[in-house]
Amino acid sequence: MAEVKKIAVIAGDGIGPEVVAEAEKILKRTEELYGYSFETEHVLFGGIAIDEKGTPLPEDTLKVCKSADAVLLGAVGGPKWDSNPKELRPETGLLGIRKELGLFSNLRPAVIFDCLKDASTLKPEVLEGTDLMVVRELTGGIYFGEKFRREGEGGQEAVDTCVYNVQEVERIVRQAFEIAQKRRKKLASVDKANVLETSRLWREVVNRVAPEYPDVELEHVLVDNCAMQLLRRPSSFDVIVTENMFGDILSDEAAMLTGSIGMLASASLGEGSFGLYEPVHGSAPDIAGQGLANPIATILSVALMFRLTFGYDKAADAIEKAVAEVLDAGHRTADIAVDKSQALSTSEMGDLIAAAMK
Ligand code: NAD
């Protein structure tokens, strides 16, 4: 009997519950096919938690997440809470949960499904073979440094400070090397070491730990060059590791290579194997409750969970292959369909993928 894996499930707001329901079908199907055992516990978070508990991140939600092996999150937020004060906004809960769970890296794979190459704004021949992962530092850098205003000679000045210490850099760089070891063994470390002191420290740390991963081919890429190369030769990248703000920008750029936000999974990791897995998209209030959402991003987030937290590589492969097979057979949800009248509903897509798993 396989060990029971505990998964805290946060359906959240908008299309969150719809896409999470499809991901749960995949968990069930995996149990049937592989004999694994998952114990899921649904908890409130985001807008719905504000409505029912008066806070976006209730204590008991945090407790369940902390005692779980992994967290599966749909999406949070919506116009209903947009004008709330900061502490009563769903996004505040997102920052809080990352901090409380010690999640310091965000992983976003960008994979091109052959049959969807035409959905991207780039030429299909440029995209051919693209399969990359952006590893973004999540808790340091300019977003979290001291911020203030002061009077200067040219009038009021605004200051944002960018701070990184060796430990923060080292833990994410090591994680990226380890991820590269499990993939095609190539790592691009992205910085701006020709200008920024934090980048020079970053590069020193990368060069110091690199000899411990001799099987990984390392290149240093300046961030401006990386932004360009992602559009010119995306298929030459395997794993990209970078600091918080560069990662924020590059991961959105990489995401758009694939053409549809409904297809993109993500993972946030801390020390050890614990992780939070969620689609890149938000709660899509414009299509919520209509069965129009594409559940593939959330389903692929489950594949990431299997691979990165549980080490269930075969089951992860089975999910990814099932998604590719269903797409190759021409099945589409409305966001990726050419002929919208033929589009499948959220649950029809989930059923097909679950059935295609082998
Ligand atoms: P969004 O990602 O929710 O939607 C952007 C566009 O993409 C919309 O037209 C939407 O219909 C479409 N879309 C998104 N996901 C889709 C899917 N799975 N299938 C088909 N179409 C899909 O971004 P937004 O509109 O800027 O934000 C809406 C709300 O979500 C806001 O409250 C925002 O704060 C929140 N948000 C939450 C998260 C999160 O939970 N991690 C992330 C981003 C935005």
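Backbone N, Cα and C atoms are what each Cβ position is placed from, and that goes for glycine too.
Database features, via TrEMBL:
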type	residues	note
BINDING	78-91, 282-294	NAD(+) binding site
BINDING	ARG98, ARG108, ARG136, ASP224	substrate binding site
BINDING	ASP224, ASP248, ASP252	Mg(2+) binding site
DOMAIN	6-353	domain 'Isopropylmalate dehydrogenase-like'
SITE	TYR143	site 'Important for catalysis'
SITE	LYS192	site 'Important for catalysis'
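What TrEMBL annotates, mapped onto the structure for a quick look.
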| residue | record | CB count, 10 Å |
| --- | --- | --- |
| ASP82 | NAD(+) binding site | 12 |
| LYS86 | NAD(+) binding site | 7 |
| ARG98 | substrate binding site | 17 |
| ARG108 | substrate binding site | 23 |
| ARG136 | substrate binding site | 27 |
| TYR143 | site 'Important for catalysis' | 16 |
| LYS192 | site 'Important for catalysis' | 19 |
| ASP248 | Mg(2+) binding site | 17 |
| ALA284 | NAD(+) binding site | 24 |
| ALA288 | NAD(+) binding site | 18 |
Entries of GLY78, ARG136, LYS192, ASP224, ASP248, ALA284 (recorded positions) sitting next to ligand 1, with Cβ under 6 Å as the cut-off: GLY78, ALA284
Densest Cβ neighbourhood among GLY78, PRO90 (binding-site residues), 10 Å radius: PRO90
Cβ within 8 Å of the mean position of the Cβ atoms of ASP224, ASP248, ASP252: remaining residues of the chain near Mg(2+): VAL223, ALA227, MET245, PHE246, GLY247, ILE249, LEU250, SER251, GLU253
Rounded distance in angstrom between the Cα atoms of TYR143 (site 'Important for catalysis') and ALA284 (NAD(+) binding site): 25
Per DSSP, three-state class assigned to ASP224 (substrate binding site): helix
Neighbouring binding-site residues, C-alpha within 10 angstroms of ASP252 (Mg(2+) binding site) - of ARG98, ASP224, ALA284: none
Whole-number Å value for how far ARG98 (substrate binding site) lies from ASP82 (NAD(+) binding site) (Cα to Cα): 21
Where PRO90 (NAD(+) binding site) falls in three-state DSSP terms: helix
Nearest recorded site to ASP224 (substrate binding site) by CA-CA distance, among recorded positions LYS86, PRO90, LYS192, ASP248, LEU292: LYS192
Tertiary neighbours of LEU292 (NAD(+) binding site) (same chain, Cβ under 8 Å, six or more apart): THR333, ALA334, ASP335, ALA343, SER345, THR346
Rounded to the nearest Å - Cα separation of LYS192 (site 'Important for catalysis') and ARG98 (substrate binding site): 26
Inter-residue Cα distance where the pair is ARG108 (substrate binding site) and GLY78 (NAD(+) binding site), in Å: 23
